[in-house]
Amino acid sequence: MILANAFCLLFFLDETLRSLASPSSLQGPELHGWRPPVDCVRANELCAAESNCSSRYRTLRQCLAGRDRNTMLANKECQAALEVLQESPLYDCRCKRGMKKELQCLQIYWSIHLGLTEGEEFYEASPYEPATSRLSDIFRLASIFSGTGADPAVSARSNHCLDAAKACNLNDNCKKLRSSYISICNREVSPAEPCNRRRCHKALRQFFDRVPREYTYRMLFCSCQDQACAERRRQTILPSCSYEDKEKPNCLDLRGVCRADHLCRSRLADFHANCRASYQTLTSCPADNYQACLGSYAGMIGFDMTPNYVDASPTGIVVSPWCSCRGSGNMEEECEKFLRDFTENPCLRNAIQAFGNGTDVNLSPKNPSFQATQAPRVEKTPSLPDDLSDSTSLGTSIITTCTSIQEQGLKANNSKELSMCFTELTTNIIPGSNKVIKPNSGPCRARPSAALTAVPFLMLKLAL
């Protein structure tokens with residue numbers, strides 16, 4: 001009996017040491033099957049240096065030319081090329097917004113991923129690297145200028161959007177690029193053409209891409225107490241040229257025009273990835289990251305899908321692209337769903353309100369009475385409290401969110417929330433990424449911490 005127990009103990013210790021040394025023990029980027037992404041321009045260079053990858057990539061581009069996915073996959077050579085490229089750096093590559101070769105990078109990304117999708121997807125994965133930083137410093141700066149914590153009477157009389165424009169004029173780069181887009185967007189081309197929309201859009205993109213966010217965000221997301229301030233906020237992007245038109249196109253048609261352009265398609269996909277309302281977070285934003293949502297929203301300005309405030313209401317924040325769902329036919333439900341991602345989006349609304357109030361999100365709020373918008377179709381969302389500060393830990397976001405939900409007694413979707421919390425409290429997040437690995441979903445070994453805890457009990461049993 002003693003020999004049998006000794007054998008079991010030695011075998012158990014051997015397995016424990018193997019699991020500690022195993023690359024599959026969730027030690028960061030070495031996780032099996034996961035590769036740290038590189039930008040697509042660099043991935044293309046790596047592929048070009050390898051003859052097999054280079055030839056397969058050329059084959060795939062020829063396969064995608066003028067063919068739909070089903071026709072392409074019916075060709076064995078095309079299918080083989082796609083399978084080879086899925087194992088190359090091109091498959092996991094991403095791009096950075098505003099990078100030097102952004103358009104080239106996006107063209108490479110979509111040349112691979114358009115062949116992987118089955119038809120027209122409602123939500124597409126973002127080709128951009130995920131935003132990992134937050135806006136704490138900018139939120140604090142916004143709180144100073146918005147009057148948070150100051151005399152409410154003084155703050156109510158202030159026009160924060162006007163103050164934001166004045167601050168822009170004190171910065172040479174902001175003043176120069178703002179003056180440029182104002183001049184271009186207000187320049188009449190002919191009596192029938194009040195402005196050159198294409199040039200106006202380009203000037204707006206340069207402004208939002210090249211001017212620091214502490215200036216652009218203050219102009220775009222300033223908080224307002226009266227209609228005059230809200231109208232100035234609405235006029236920030238010169239909507240008569242950049243936004244409005246004689247008639248509103250159908251939203252699905254507008255989406256189709258946007259997806260025909262690699263840049264516009266990428267910015268729209270990034271907006272959906274970072275602003276899509278989530279039931280699993282306290283703020284309704286993916287990973288409770290306001291920065292990512294605000295950045296994705298600003299990134300769409302200057303394209304066919306340019307969004308803007310629909311009216312000059314100082315309190316009811318509603319934004320939308322210039323489109324409607326008239327004439328959708330049997331696609332009306334899909335059209336309405338697409339439009340609601342702008343007009344009734346609690347993540348976007350909470351992010352704009354939080355920035356205007358100068359309050360970033362903390363996943364363990366001090367104020368237990370805070371009620372963030374949870375469902376994506378809530379008519380009115382309260383502002384976030386002023387004493388919330390930054391949280392930079394992505395790995396603990398879901399756990400803290402679930403703890404907050406349980407402590408505060410949030411009632412919305414009670415059974416669903418609790419089941420999601422139970423599931424996600426038993427997951428691991430790969431360092432440096434947003435990928436979540438469930439412990440029971442792969443060929444992982446027993447957790448070393450649990451194994452080492454059991455060793456003393458086995459030693460005691462052996463001694464007996």
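Along the chain as shown, the residues are counted starting at 1.
The backbone N, Cα and C atoms fix where each Cβ goes, and this holds for glycine too.
Just so it is clear, the model here is predicted, and its values are computed rather than measured.
Disulfide connectivity taken from TrEMBL links Cys347 to one of Cys285, Cys323, Cys402, namely Cys285. Per TrEMBL, the disulphide partner of Cys161 among Cys105, Cys200, Cys222 is Cys222. Neighbour counts of Cβ atoms within 10 Å were taken for the disulfide-bonded residues Cys161, Cys168, Cys222, Cys285; the minimum is at Cys168. Per Cα geometry, Cys222 is the residue among the disulfide-bonded residues Cys222, Cys224, Cys323, Cys335 nearest to Cys168 (disulfide bond). Restricting the disulfide-bonded residues Cys53, Cys185, Cys275, Cys285, Cys323 to those with a CA within 10 Å of the CA of Cys195 (disulfide bond) leaves Cys185, listed by sequence position. Under 8 Å, Cβ to Cβ, and six or more positions away along its own chain, Cys264 (disulfide bond) finds Val257, Cys258, Met300, Phe303, Asp304, Met305. Per-residue confidence over the domain 'GDNF/GAS1' (161-241) averages 95 (mean pLDDT, predicted model). Cα of Cys347 (disulfide bond) to Cα of Cys241 (disulfide bond): a span of 28 Å. Proximity to Cys224 (disulfide bond), defined by a C-alpha to C-alpha distance within 10 angstroms, is shown by the following disulfide-bonded residues from Cys161, Cys185, Cys293, Cys323: Cys161. Of all the disulfide-bonded residues in the list Cys241, Cys251, Cys275, Cys335, the shortest Cα-Cα distance to Cys200 (disulfide bond) is found for Cys241.
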